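Here is the structure we will look at.
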Amino acid sequence: QGTRDHAPAHAALRDRLLAAVVACFKRHGAAAIDTPVLELRETLMGKYGEDAKLIYELQDQGGELLALRYDLTVPFARYLAMNKITNMKRYHVAKVYRRDNPATTRGRYREFYQCDFDIAGWFDPMIPDAECLKIVHEILSDLHLGDFLIKVNDRRILNGVFAVCGIPESKFITTCSAVDKLDKMPWEEVRSEMVGEKGLSPEAADHIGEYVQLHGGLDLIERLLQDPKLSQNKLAKEGLGDMKLLFEYLTLFGITGKISFDLSLARGLDYYTGVIFEAVLLQQENDHVEDPVSVGSVAGGGRYDGLVGMFDPKRRKVPCVGVSIGIERIFSILEQRVKASGEKVRTTETQVLVATPQKHLLTARLKLISELWDAGIKAEMLYKKDPKLLKQLQYCENMGIPLAAIVGEQELTDGVVKLRDVATREEVRMPFYIKFQKC
């Protein structure tokens, strides 16, 4: 089906992962918003390049043409335009839908979560862009997924490269989609597609190849700024100038060791207008896995300054930059790692199990657990009138519940509760008065 059911352990792992990502977004001052799963078909069309064929199209009973959202970016741009919002820092965690060929081992599904962070508004160049890259670095570092690299480029630089290589502007987008495959295909195959399918001349394709196979850092940016052809192209010059400024900010953040200026990065979506970036895992730091799962990119994003204006009746623009974390792909890695290591994942956040060692003490359990719930303590009890103590303690071990609050007849007489550490079996008696009636 291209979707997945989550067993309790897997769902708990996914929720923990989502919580870590959201905590990072909140740390950077983002507010949560939500948008509908359904959009008008016309809202989504013309924004995703060749991937538009993956949009799920629907028709309601009144004949209105609808579609399931493909990502969270286009609905966000529509939201800004409809509500006349010109300044916002937001995050959104929700499901998106793609009519794709699923590959479950690579974390690729038809229904999956995206975690987006976006900054909208008129700000000085590259400051919001640098923060988005810092967020990607923070999340991938905090999750300990292994070594990673964040590739950055600029659509203006790519368009400048295409222009100086003699590519007509009408073929920029299709050429860009071909270049975007360089992370999956060797240059020879990409070149063959450019010439055979995209209609480029062999000379133009070879000229493009001289640029798009370059990658580096500030030194490469400086070199391209001196390139006799690119330096004469307005778009390329603007993009390279902003890329230099971006690297200066990333140096201040101390993260340039994980950043690569990579001219092969294209990002096939039509709405990108400036800086684009994509994070990839370089290896799996997992001694238990013989064949590490291959998931491709785990985060991506960029600047889309023209998208909001497409939905505004007066075509008013709101500059935006954002990043999307590939949570399902990351989850596939963590899931395989946990499975291989034999690590046990807690399926609940229960802090204490309320237990009784004798019969006719259900009333005491109910009163105690009610007190704990009212105090904000995560507590459980077995749904049996007279469960055996051994079975209750075994449940704690199976579920990873760290504490058992035991109340027996002697504890009731003494006005205490016996608190047991399930792992060490150490016990302490704590004052706790319960008005008791046998049940």
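Cβ from N, Cα, C; glycine included.
Feature list (source: TrEMBL):
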BINDING   D71, L72, T73, R98, Q114, D118, R267, Y271, Y272  L-histidine binding site
DOMAIN    1-357  domain 'Aminoacyl-transfer RNA synthetases class-II family profile'
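Remark: of the binding-site residues T73, Q114, the most isolated position is Q114 (fewest other Cβ atoms within 10 Å of its Cβ). Cβ neighbour count for Y272 (L-histidine binding site): 26 (other Cβ atoms within 10 Å of its Cβ, all protein chains included). Neighbour counts of Cβ atoms within 10 Å were taken for the binding-site residues D71, R267; the minimum is at D71. Comment: L-histidine site residues D71, L72, T73, R98, Q114, D118, R267, Y271, Y272; largest CA to CA distance 21 Å, whole number.
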